[in-house]
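Per Swiss-Prot, the feature Zn(2+) binding site maps to His79, Cys120, His137; the stated evidence is similarity to another entry.
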Amino acid sequence: MGRFPSWVLVADWPAPPGVMVLSTLRGGPGVSVAPFDRLNLGNCSGVAGDAPVCVERNRSRLVEMLGLPSVPHWLRQVHGVEVLRVDALLQSIARVVEPTADAAVTSVVGAVLAILTADCLPVVLAAVDGSEIGVVHAGWRGLADDVLGRTVAALRTSPEYLQAWLGPAAGPQAYEVGVDVYAAFVERDSGAACAFSVTRPGHWYVDLYALARQRLMRAGLSAVSIYGGGLCTISDPQRFFSHRRDRRSGRFATLAWIGC
């Protein structure tokens, strides 16, 4: 993994054999201008506000400069719980429209899965033998609706043989939320209260990493098989895009694939 450039963050975990996982940083060799500078990778629909032609050029540069085995499977993310399975047929056909989903799984060698974020939590799942992977866009809505549990269930590997990596996201000392977010978790599960710390009446800091660990463990993963966390997108403007911090912001990608 040492072959990757400085504008790439390689996952800090004991990677299963053949599994590659990384997140891009905003300072990569992109063409987007402020406030999307420079390597903004989404969305081509213009949702993030950047010119679609810039996003397309950035995505092309990403594939070329990282030497990716194939064009990533970009998703139309909607803060939902839909999981896309990338099989050999889907990998082989041209991708004209981004499928609507907030997670993807595959066992196809060389298929590159991608998640776009700018404060939401990107999560990568992998079988310990490297036979299967999944990626998840886990914002607070998705976490509350258990997108992680649904993705674990979509994988063919038994949960005790899975491991997870939590990528850069809004940190627990920077991401303040209101009653709606607090209630979405605590009214369903009182144990989620430990992931919230009061900042002022009716407001809390929320620990997305803690909530993700709770849900992954509930889905059957062991605590020792969950890695990452601790990189705050809001407090690190040099490296990460942040919607909460900047409002108009680009998106960085978390990519995963099974190497040949």
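Placed from the backbone N, Cα and C atoms, the Cβ positions cover glycine too.
On the structure: features taken from Swiss-Prot.
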{"residue": "His79", "record": "Zn(2+) binding site", "CB count, 10 Å": "16"}
{"residue": "Cys120", "record": "Zn(2+) binding site", "CB count, 10 Å": "27"}
{"residue": "His137", "record": "Zn(2+) binding site", "CB count, 10 Å": "25"}
Quiz item: In terms of DSSP three-state secondary structure, what is the assignment for His137 (Zn(2+) binding site)?
Solution: strand
Exercise. Please report the DSSP secondary structure of Cys120 (Zn(2+) binding site), reduced to three states.
Key: coil
Quiz item: Taking the centroid of the Cβ atoms of His79, Cys120, His137 as the Zn(2+) site, which other residues of that chain lie with their Cβ within 8 Å of it, listed in sequence order?
Solution: Gln77, Asp102, Thr117, Leu121, Ala138, Gly139, Arg141, Gly142, Val147
Quiz item: Which three-state DSSP class does His79 (Zn(2+) binding site) fall into?
Solution: coil
